[in-house]
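Before any comments, here is the structure.
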Amino acid sequence: MIEVLLVTICLAVFPYQGSSIILESGNVNDYEVVYPRKVTAVPKGAVQQKYEDAMQYEFKVNGEPVVLHLEKNKELFSEDYSETHYSPDGREITTYPSVEDHCYYHGRIQNEADSTASISACNGLKGHFKLQGETYLIEPLKLPDSEAHAVFKYENVEKEEEAPKMCGVTETNWKSDEPIKKASQLVVTAEQQRFPRRYVKLAIVADHRMYTKHKKNLKPWVFQMVNSVHQIYRSMNVLIALVYLNIWKKNDKITAQSASNVTLDLFGNWRETVLLKRKRHDCAQLLTAIDFDGPTIGRAHVSSVCDPKRSTGIVQNYTEINLVNAVIMAHELGHNLGMDHDGNQCNCHACIMSAVINNPPSERFSGCSMGYYQTFLTAYNPQCILNALSKRDIITPPVCGNELLEEGEECDCGSPENCQYQCCNATTCKLHSWVECESGECCEQCRFKKAGAVCRAARTECDIPENCTDQSADCPTDSFHRNGQPCLYNHGYCYNGNCPVMHYQCYGLFGPNATVGQDGCFDANDRGDEYFYCRKENEKYIPCAQEDVKCGRLFCTYIYDINLCRYDYSANGMVAQGTKCADGKVCNSNRQCADVNTAY
């Protein structure tokens, strides 16, 4: 058996090195599977939000524990955020969705001075973080009954072998080189970085190609991108707030061209003649999936913010990596705010305003960019970005029947002849007096669903289905069966709504032909070395007691070669907490095979 284990060490020390997987961010060559553990809880008596204001998650990266601190980005949306899309027959529909309890966060890694994070917590953790100078991406793995996530370095996402992508801006901001010379000599101190607070109310338009490409995922994809743009501009004391999203579901409102300069001009004309009359905003960015000519992936007018036609930018969605698209948008927005491309004289060869997109993309502004921005504020004094967004920022007075939800209206479904929304009185643009709700898992035809109607099905046999109460449109808080209840025909015990068993963990690590290794494989966990152990205390590996060996390193095999002892060297290759290790026993937090009645 020892000989088999030695062979395994040679073959499987790094089972993910060289392995690949197709994720939402693309084809990833090397990744780790992690199980983020939430280590914060809502205090007793506190109001339970769907998404808490602050959270912490613990997981391991490269075998070392990290704690990810997250804070909700409460400045992501304007107070009057609205969306416009189009019905199948082409009618324009504008709504004002509630976005206060959203799921987009900024954060940092604990004890990492230069760390940042931009994370969506809507369905698992998705986004990016900086750790020890490297950019990591994280996203959930689509495994049954699992909280597994993939963590991988940006460099491990496969990129197409092609010419470097770049911005299409060629115009120069200033008539002389003086601002460039001053900026290149600038040593930016903390005091100098305290730019005056400015507010950019951002409108985003997604064309039909974008909708076809992303479908229902388009909105969260845009929100995640703007969350990253918001974080990037914090260093400049510029608040980027999303005020409006327009999705061209049915057809485009302009005919986008592969020539980026033509598309930018067309979009500017449409913004001036249509969009500004619909919603007040400071800058508009067009997201498109068209392939621009040459290496161009974005374009914008320089020093143009507040200009009715020129305060625009266009961004090509050329990659599935959300962070890259966010950096491109931040770059084009930088042009709107007076920044030129970084030259050789700048103190950063790979910052945001570099003409060529870098790998990984930078989230820093150079000293040149700071100088350009400061000079732009002084020379142009743009008025539209001076003040925070007002509570209601609609330009035209409300008109009942125009299918736009405006000040003083509870609903607007069009004329009485065309109204298809039964909750709304089309004559008054008020909800009918009998209306109990408009939306929600427990709302149906404007009334609360009857008590007992299932609103959230059980994910697993350890989960509990939630039922409507006849008192609210919202589904009750998710709950699950008690920890320790037998599950999967007594092959496991419930733990936090899941049924962790070794077989499924092997499946997640090594594929559908994998199963649990023979008992003799686990005896290696009594060694107490860097490969086989139960705990790590003060940099020392603690061997497993004989009764605890099935709570240390997980051993798997293949159904066609049961004598093989296969294992995963990373932290994800340890037996998961709550896993059954013997009859009536589970692995506790100390990796001891403990009685199921006391383990939790």
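From the backbone N, Cα and C atoms, a Cβ is placed for every residue, glycine too.
The disulfide bond recorded by Swiss-Prot for C411 joins it to C424 [selected from C384, C424, C437].
C521 is paired in Swiss-Prot with C565, the candidate among C475, C487, C556, C565 named as its disulfide partner. Record check, Swiss-Prot: Zn(2+) site residues include H331, H335, and the candidate from H281, H341 also listed there is H341. In space, C544 is the closest of the disulfide-bonded residues C348, C446, C544, C565 to C494 (disulfide bond), judged by Cα positions. Listed in chain order, the extra residues whose Cβ falls within 8 Å of the Cβ center of the Zn(2+) site residues H331, H335, H341 are C167, V169, A300, V302, E332, G334, M339, D340, I352, M353, A355. The recorded positions near C437 (disulfide bond), taking a 10 angstroms Cα-Cα threshold over the set N261, N317, H335, N425, N467, C499, amount to none. Nearest Cα neighbour of H341 (Zn(2+) binding site) among the listed recorded positions (N261, N317, C400, C446, C499): N261. Shown are the disulfide-bonded residues C306, C424, C534, C544, C565; of these, the residue with the fewest other Cβ atoms within 10 Å is C306. The average pLDDT computed over the domain 'Disintegrin' (397-483) stands at 84. Taking only the Cα positions, the spacing between C462 (disulfide bond) and C499 (disulfide bond) is 6 angstrom.
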